[in-house]
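Residues annotated as ADP binding site in Swiss-Prot: T63, N64, E313, K316, S320, G388, R391. According to Swiss-Prot, the feature N6-succinyllysine maps to K138, K206, K300, K565, K598 (among others), an assignment based on similarity to another entry. The N6-acetyllysine annotation in Swiss-Prot covers K143, K206, K234, K288, K300, K565, K638 (among others) and is backed by similarity to another entry. The feature region 'Interaction with NFS1' is assigned by Swiss-Prot to 1-432. If you look up Swiss-Prot, you'll see 63-431 marked as region 'Nucleotide-binding domain (NBD)', on the strength of similarity to another entry. Under the heading region 'Interdomain linker', Swiss-Prot lists 432-441. For 1-46, the entry in Swiss-Prot reads transit peptide, with the evidence type similarity to another entry.
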Amino acid sequence: MISASRAAAARLVGAAASRGPTAARHKDGWNGLSHEAFRIVSRRDYASEAIKGAVVGIDLGTTNSCVAVMEGKQAKVLENAEGARTTPSVVAFTSDGERLVGMPAKRQAVTNPNNTFYATKRLIGRRYDDPEVQKDIKNVPFKIVRASNGDAWVEAHGKLYSPSQIGAFVLMKMKETAENYLGHTAKNAVITVPAYFNDSQRQATKDAGQISGLNVLRVINEPTAAALAYGLDKSEDKIIAVYDLGGGTFDISILEIQKGVFEVKSTNGDTFLGGEDFDQALLRHIVKEFKRETGVDLTKDNMALQRVREAAEKAKCELSSSVQTDINLPYLTMDASGPKHLNMKLTRAQFEGIVTDLIRRTIAPCQKAMQDAEVSKSDIGEVILVGGMTRMPKVQQTVQDLFGRAPSKAVNPDEAVAIGAAIQGGVLAGDVTDVLLLDVTPLSLGIETLGGVFTNLSTETPLFQPRKVFSTAADGQTQVEIKVCQGEREMAGDNKLLGQFTLIGIPQPLVESLRLKLPFDIDANGIVHVSAKDKGTGREQQIVIQSSGGLSKDDIENMVKNAEKYAEEDRRKKVTTFSVNMAEGIIHDTETKMEEFKDQLPAEEVNFQNEGTLARKDSETGENIRQAASSLQQASLKLFEWHTKRYVG
C-alpha cells in the first residue's frame, strides 16, 4: 500500500529530486497529496523479499494476449505452442465439452459462433445493466446473461462463466507458454490493465489471475508498461505521451522520464473503444450493402455474421498497408433463388469514412490528459503508439495532428505492454534496478454526502457530514453509513459504487455536529482502502473495497477447482495425443515392412500381426494405446529378427 511505502518512496524520490524538480513534485492538498499524487511505487528498495523464481509479464488483451519474461536485463516475448508471439483472447466450448483457447478456438468460430467467446475483457467487472454491456449484447453471437450477483456473465451449452473465468482460461494458456520456455512452473505474474479501468475491473482481473493459478504480484496500467518498454534503455530526459488504442479499450497517458524515474502525470481514456468497434462498424456497412444488393438480411444468421466479422477484421488489417482490398465470401447464405455470394471492393478512404467518428473519440481524452498534466503539445518530446489499431494510417495522422509531431515507432505495438509488465516483474524480483515507477489513479475517489452529492476526497476538505445517520432506539447510539464511489460525475448515483461500510457507536448528542475524517489509500494494484474516524469519539472503521457485485471467495475457489479440472483434462489429452502419434508411426512402419517382406514371412504371422495392428488402432486411452503400440513393436522386432537370421544371417 502507498501509505505503508511512503517513507521508502520519499527516500527514492528524494534522491531523484536532485535530477529535476518534477521528478519529486507533489502538489499540496488533503493529507499532503493531491488526486494526481496517489502513487504506485516500485524499485529495488520496494522489491518483495518473498519472490522466488521468474516473474512473467502478461498483457491480457481484449483481442490478443502476450507473455514475456526477463532474461538478464532484457525482456523476451515468448512464442506459444502454435509458434506465434501473440495469442487470440478467444475461448470456445465444443458440443462434446472440450475447451479450446487461442487460435484453435478462433479457427472454429464460424461453425460454433454461439459458444465461442471473444472480447470478454469488455465485460470484466461490469454489471449486466451497464449501458456498455447492453450495447455489446446486440453485437455478439454468444449469450451475455445476468448472473445471480447482477454481473454480466456469458453462457455456453447451458453453463455460465464469469468474464474472469474466461480471462483465466487465456491466462492459463499464457502460463503454459511461459512454463514451456522456462522449463519449470511459473507462479508469479504481473498483469496489465487499461489505465482507465475502475476498481471493480482491476479486482476482477486479479480474480482471473487467481483462478488461473497465478500469484498476481501487481496489476499495472498498460500505457505505463509500454513506457517502461520504451524508456528502460533511454538516457534522455523527456515528457512522452503513450497513445494506446487496442482491441477493446483506449488509453492516453502523459509521463515524464528522468534518469530512470517514470512519473505518470495524467491519464484518460475510454474503456469501450477499440478495434472491436472498428470491426463492428465495418461489419454493419458490409451487411447493409449486402442487403441492398441481394435483399437478404444477414443479421439473423450467426454463422454468416461470423464469416463477415472475420472478413471485416482481415480487411481492416490489410487496409493499413494497402489502399484497396477485396472481400470475397462465396456461399455466404441462400434464399429461395439459390446461394448468395458476397463480393465487395473496399478502399482505405471508404473504411476511414466508416470509422471516422471512432477515431475522433480519441481526441478529447488526449486533450484532457494534456490539460490535467499541465503540458502543451510542444512540451511532449515523443508520442508512443501502442495497440494494433495504431497501425492504421488515419489513426497515425490523427495523432500527428493532435500532438504536432510524427509518432514514434520505437516499440512493437503488439508486444510493448507485455515487455513492460516483464520489466515490472524484474523490478519486483529485484533483478531490475534504477527504475522508479510513479503512477496515478485514473478516476476520482469520493463519498456520497448530503443531497446525494459526490464529494471528491482528494480535492475537498477531509471533514465530511455523512448523508445518512441512523439512530437505534434501544441504546440511543447511532451508526453512520458511508458509501465510497469512483468517477467524475457530480452526483454520487451517476458514479460507480465501489462499496459501503458502517461506523457504529456514535453517541446521540454528537450526531448533529458529527464530522468524520476519511483518509484512504490506494495500493500498488490501484485497489482502494478506506477508513472512517469520528473526530469527537475517536471511533474508527476500515474497509478494503472489494469488487462491487464481483466474485465471492467461494466463487473464486470453485472456479479455481474447475480450472484445475480443465488443466488435468488438457494434460490427459496431451498424453493421449502423444501416444496416438507414436502408435500411428509404429503401425505405419510395421505395415510397410510387412508388406515389403510378406513373401518371406510366415503367412500366419503376417495375418496375426495385421489383426493385432487393426484391433489396437481403436484403443481409447493414452495408456492403452501406448501399451498396444509397445506390444506391437516388440512382436514386430521378434518377427524381423527371425527374418534376418533366416534370410540374411
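Even glycines carry a Cβ here, placed using N, Cα and C.
Taking the mean position of the Cβ atoms of T63, N64, E313, K316, S320, G388, R391 as the ADP site, the remaining residues of that chain whose Cβ falls within 8 Å of it are G247, G275, C317, M389. Looking only at the modified residues K138, K143, K565, K638, the one with its C-alpha closest to S320 (ADP binding site) is K138. Take the Cα of R391 (ADP binding site) and measure to each of the modified residues K206, K234, K288, K638: the nearest one is K234. For the pair K565 (N6-succinyllysine) and N64 (ADP binding site), the C-alpha distance works out to 25 angstrom.
Largest Cα to Cα distance within the recorded ADP binders T63, N64, E313, K316, S320, G388, R391: about 18 Å as a whole number. Checking each of the recorded positions K206, K234, G388 against K300 (N6-succinyllysine) by C-alpha distance, the shortest gap belongs to G388. Counting in whole angstrom, T63 (ADP binding site) lies 19 from K138 (N6-succinyllysine) by their C-alpha atoms. Spatially, by CA atoms, the binding-site residues N64, K316, G388 include one closest to K234 (N6-acetyllysine), and that is G388. Between the CA atoms of K138 (N6-succinyllysine) and E313 (ADP binding site) there is a gap of 18 Å, rounded to the nearest whole number. Comparing the Cα of N64 (ADP binding site) with the Cα of every entry in K143, K206, K288, K638, these being the modified residues, the smallest distance points to K206. In the structure shown, the C-beta of N64 has more C-beta neighbours within 10 angstroms than that of any other entry among the binding-site residues N64, S320.
If you take the C-beta of G388 (ADP binding site) and look for same-chain residues 6 or more apart in sequence within under 8 angstroms, you find T63, N64, G246, G247, G275, C317, P413, D414. In the three-state DSSP reading, N64 (ADP binding site) counts as strand.
K143 (N6-acetyllysine) is 21 Å away from E313 (ADP binding site) when you measure Cα to Cα.
K316 (ADP binding site) and K143 (N6-acetyllysine) are 26 Å apart (CA-CA, integer value).
Between the recorded positions K206, K234, K288, K300, R391, K206 has the most other Cβ atoms inside 10 Å of its own Cβ, all protein chains included.
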